[in-house]
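One structure below.
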Amino acid sequence: MACPKLFLSCLLLELMFFFLVPEVAQGHSLKVGFYGKACPNAEAIVKEVIGQILSVAPSLSGPLLRLHFHDCFVRGCEGSVLLDSPTYQSEKYAFRKHGLRGYQEIDRVKTALEKACPGIVSCADILALVARDVVVATGGLFYDVETGRRDGYVSISEEARRDLIPPTANITTLKADFAKRGLSAKDLVILSGGHTIGNSHCSPFSNRLYNFTGKGDADPTLDSNYIARLKLSCKPNDQTTLVEMDPGSARTFDIKYFDLILKRRGLFTSDAALLDDNQTKAYLDFQIKTGGSTFFKDFGVSMVKMGRIGVLPKMAGEVRKVCTKVN
Ligand code: HEM
């Protein structure tokens, strides 16, 4: 295993992580307003910087929301998605192909926080706060974010490849994967609602257009008119084009993503799979019927749950001074 620090200290840290951090941490060390005394303006600073960023680059809302998900699903919410290394491949390397962005913007938030309160606000917390501020800025509902996360020391590309659910996943895999992190089928459908904003490359769903069963066919569960439309943007083997995941409202946090799924226009197999389970399908139906009566609030609740995954215990980890490097 590649270690970012001296081998022995890295080994000790790994052992601590192994014994102290269950796959699903209960988030006991987290609380709303954790920085109230040590950095009272922390949340206001994050909000202000994100506001400035989105006012000039609104297309960054999707990438900035997604970073918190990728952080939490690999090693837990401890900032490993942000680490760089000159000597080994960190998680970022695995995500390169899948277009994770927004790292510089997180650095910008961190710089502003370090100026106000040096060494206080963790990078893992910054990701959680940024995700909330993006949701609000794009039309979603405010929710309280628990803070107090510690930053980890390790980031390994193979773990990201192993632990992130592929867009080709079926409902059984999706539910099992969420369940092992303490997230329910309801959380699955609600958090998939994050796809109401942002873009995708063609590659995660290209198989559904051109080669679904290996015989040059399309996915019969995907609406044929939508297939024709997607084919105009995405030629076979296209690695660069971006398409809106929620066409026409990809910068607005709304319930149109659920509408798309019900119309068999969910972009990924993993989106469409939400129709294959009674519970997730019922949730979609209910939100469409009631105009999203509970979705906006539910999203905050599920995000808080996601934000508790694998949180490091109080004495473990550190607060990085720079999000790309261990101290
Ligand atoms: C359920 C399992 C999930 C799968 C399989 C999945 C898969 C993907 C894929 C393949 C992309 C397109 C990447 C690209 O080509 O650039 C994407 C984008 C995105 N995902 Fe997910 N995702 C999942 C869950 C989530 C969750 C839980 C969130 C947040 C709550 C989220 C938020 C986003 C956002 C905002 C984007 C757009 C990023 C951008 O605009 O660059 N996803 N996802």
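Numbers run from 1 along the shown chain.
Using N, Cα and C of the backbone, Cβ positions are placed for all residues, glycine too.
Note that the structure is a prediction, hence the values are computed from the model and not measured.
Per TrEMBL, these features apply:
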type     : residues                : note
SIGNAL   : 1-27                    : signal peptide
DOMAIN   : 29-327                  : domain 'Plant heme peroxidase family profile'
DISULFID : C39-C117                : disulfide bond
SITE     : R66                     : site 'Transition state stabilizer'
ACT_SITE : H70                     : active site, proton acceptor
BINDING  : D71, V74, G76, S80, E91 : Ca(2+) 1 binding site
DISULFID : C72-C77                 : disulfide bond
DISULFID : C123-C323               : disulfide bond
BINDING  : H195                    : heme b binding site
BINDING  : T196, D246, D254        : Ca(2+) 2 binding site
DISULFID : C202-C234               : disulfide bond
Those disulfide-bonded residues from C77, C202, C323 that fall inside 10 A of D71 (Ca(2+) 1 binding site) by CA distance are C77
Nearest to V74 (Ca(2+) 1 binding site) by C-alpha distance, among the recorded positions C117, C123, C202, D254, is C123
Candidate with the highest Cβ count within 10 Å, taken from the binding-site residues S80, T196:
T196
What count of other C-beta atoms do you get within 10 angstroms of the C-beta of the residue listed as 'heme b binding site', across all chains shown?
23
Those residues of the chain, 6+ apart, with a Cβ under 8 Å from that of C323 (disulfide bond)
G79, L82, L83, Y103, I106, D107, K110, C123, I126, D151
Of C39, D71, T196, C234, D246, C323, the recorded positions whose C-beta sits under 6 angstroms from any atom of ligand 1 are none
I need the nearest neighbour of C39 (disulfide bond) among the recorded positions H70, S80, E91, T196, D254, using C-alpha distances.
S80
Euclidean distance between Cα atoms of the residue listed as 'heme b binding site' and C234 (disulfide bond), Å:
19
Given the recorded positions C72, S80, H195, state which is nearest to D254 (Ca(2+) 2 binding site) when distance is taken between Cα atoms.
H195
Taking only the CA atoms, the spacing between G76 (Ca(2+) 1 binding site) and the residue listed as 'active site, proton acceptor', expressed in whole angstrom, is 9
